[in-house]
Structures are given as structure tokens and as C-alpha cells.
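Undergrad: Sharing a structure with you now.
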Amino acid sequence: MLGIITFIIIFGILVIVHEFGHFYFAKKSGILVREFAIGMGPKIFSHVDQGGTLYTLRMLPLGGYVRMAGWGDDKTEIKTGTPASLTLNEQGFVKRINLSQSKLDPTSLPMHVTGYDLEDQLSITGLVLEETKTYKVAHDATIVEEDGTEIRIAPLDVQYQNASIGGRLITNFAGPMNNFILGIVVFILLVFLQGGMPDFSSNHVGVQENGAAAKAGLRDNDQIVAINGYKVTSWNDLTEAVDLATRDLGPSQTIKVTYKSHQRLKTVAVKPQKHAKTYTIGVKASLKTGFKDKLLGGLELAWSGAFTILNALKGLITGFSLNKLGGPVAMYDMSNQAAQNGLESVLSLMAMLSINLGIFNLIPIPALDGGKILMNIIEAIRRKPIKQETEAYITLAGVAIMVVLMIAVTWNDIMRVFF
């Protein structure tokens, strides 16, 4: 149960942060956001704000999306002769077009629609008491569709494709950008929780309670200078010296550790402890505890995580295998394991997954943010927009590829995790 809760929390935070980036910068760029959705499939919860954006929580934890005006099949069609009820504002502009038999306004004006333009001229024409009349439509008017769903009209100036290149570019990049920011923030938080960043350049050590070094008298922040005569000036030196000193070591044998404590040099016999096939002496790298050190430590962890992910991506390109990929099932399995290991493991997983999601979404596949960014760049270079039909076909092909890949990855994860 703890694993499921952890998975839902991590998944929810990653998706909300990613989609909020798209949502925020779409709004800033003047694009009408139709829907902000968390998850896929049937709606569990929905709410419409005053700006006409529908917020939904959906059943399947397979991602999320921000649906913008002008994307896909976004136009509302009103057939000639359709009965409608018009609600006018104080200026005489239509503020609501009701095509349903629900949400009726007793003050509304009945009309049989004969023509309309809700994108450019913003007008609606029809028969009112057997007389043809045309009314201006307010820029933020809404339509109540036949099923009772109320949505805002989308004039050309609030549609995605009519926003500036810069606006569309930052809107598409904002999702991955938010994931990178989240990853960095969580890694910094992790370093603060741990008390600092390990200092691998130093030979000062932290001593593990009841470990071999503690039993021999070493204390936190003591400085190990030699092990069995091997000089130690850094953490790497220390691990190499332990490895060399414990080769062919007998069960009851000890090694000589020379260390400096309170400016005094001491040499003690330490009996290493064997874990699997390696020996340890119960010490860890000392921590850099300054505020600046912690901030830089978080950035260092984020960069290291990104570098690891990029190397894995490179390996995937040179030698593709489904076993190198993971979907929601693998994410659940990792969340479950992290939950068993405590808060720090959960935060570390969240940070890595967030950076991973950011990098993955920048891959220039049409269905991903990277594909949209690539089309924005091509449009900027050509100085003319890509045809909507062409962009739609390219995106559809990308979606098909991603759906097939997701099914294959999920099936592979199920077989690997549960069987």
C-alpha cells in the first residue's frame, strides 16, 4: 500500500509540475487553455474556472496534458437551423450560446441559427421571431454544447497556431524546463536533509556507529593519512588503499590505519568487515556543511543525474532494447522499493525521474515536446508557418509510434516485475 501511495504522489507531482509549465506560459502567451488534465481516460473529477479552463483528474496514471485552443479538432460546428438560446450582455453582445436543453436562461433570446463566425468576425446570424438578425459575439463568450458541456469560443488571436513563435517555443519548452527545476530543487533539499554534501576531495571521514573504525577509536572528522603504508589524501585514495590492504586478508587479521585527530597522529589496528566480496572499515566521506556547499552539492547531483540519463539514452540509441526502458509499471516498482528505504530514497527517485522526464520530452519525436520545439524552430528558419495538415499528420505519426512503444514497454515491465 505504501508503494502505491508513493507512486501516486511522485507521479502526480511530476505531471502537475510538467503540465503547469505548459499551462502557465500558454496563458502568458495569450493562448486559450481548454483543459488541464492529470492522467488519462475517464474523468474522476472536473472543475471549470472563470477563464474557461477545464481542470480534470482522470483515472489512468499514464501522463497528463494541456489542451490548447486551435489544437486538433477544436472547432464547434453549429448546423443550419439549429435552435439556440442567446444570452446578451449589457452592451448587446452575445455572451452565451446555448445549444442544449439544459442550463436554460429565462432571459435568453431564442434563435434558429443560419450562420456564424466565432473566430474572425465574431458574429451569429439566425431567425428570431421569423426575422433574420445578426448579433455581435463577445470575445470571451461561451457555448453550451448539446451534451451540456460549456466551453469558451476561441477567436483566432487566442489559438495556439496564431501565437508568436517565441510564445509557442517557450510554451513547449516550459514542461521539460519545470522538470529540470523540480529535479534541481529536490536534489538541493536532499542534500540539506542529509546534512551536507560528501567531500570526496578530502581525507576527513565520518565514522559509522559500531563500525570497525569506531571500535578502533576513530571519531567523526578525523583525518586518515595512511592505510597499511598506502598514502591517503582523498576519498578515492582511501577506497583504493582499503582494497589493496585487504587483498588476501585472513578472517581475523587487521590493517594499520594512521590518522590525525586533534592535531595528533595515531596508528591503530582496524579489523575490516566483509560485505559480499568487499571489505569496509566503517567510514564515509565527510560532509561539506556550508550553505553554499549544499546548494552547489544539489546542483552537482542534478548534473550527475542528467549525465547518467544522457549516457543511458546514448546506449539506447546504439543498442536498442526494451529492457533499457521503463514505463508506469517500472516506475511503480521503483517507487515501492524507494518507499521501503525511507524519505531520502523517495526524494532521490523523484529528482531523477523528474530530470529523466525533462530529457525524454526533449527528444525530437513529433508527439513529444521536443518534436513541437523542432517544428517551431523550422518555422522560424523558414519564416512561414508549417501547414496545419502537415503538422497534424506528423504529430499523428509520432503519437502512433509512442503508443506502440508504450504498450510494448508496459508489457515488458509487467513480465519483468510480476513474473
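Glycine is no exception: its Cβ is also placed from the backbone N, Cα and C atoms.
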Undergrad: According to Swiss-Prot, which of these ranges is transmembrane segment: 2-24, 301-323?
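TA: That would be 301-323, the stretch labelled transmembrane segment in Swiss-Prot.
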Undergrad: When you check the transmembrane segment (169-191) against the transmembrane segment (343-365), do you get at least 3 Cβ pairs under 8 Å, counting only pairs 6 or more apart in sequence?
TA: yes
Undergrad: Sort out the sequence-distant neighbours of His18 (Zn(2+) binding site) for me: same chain, 6+ apart, CB within less than 8 Å of its CB, listed by position.
TA: Gly64, Gly175, Pro176, Asn178, Asn179, Leu357, Gly358, Asn361
Undergrad: Among the recorded positions Glu19, His22, which residue has its Cβ surrounded by the fewest other Cβ atoms within 10 Å?
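TA: Each of the recorded positions Glu19, His22 was scored; lowest Cβ tally within 10 Å is Glu19.
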Undergrad: Kindly state the mean pLDDT of the domain 'PDZ' (175-274) in the predicted structure.
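TA: Per the prediction, mean pLDDT sits at 92 for the domain 'PDZ' (175-274).
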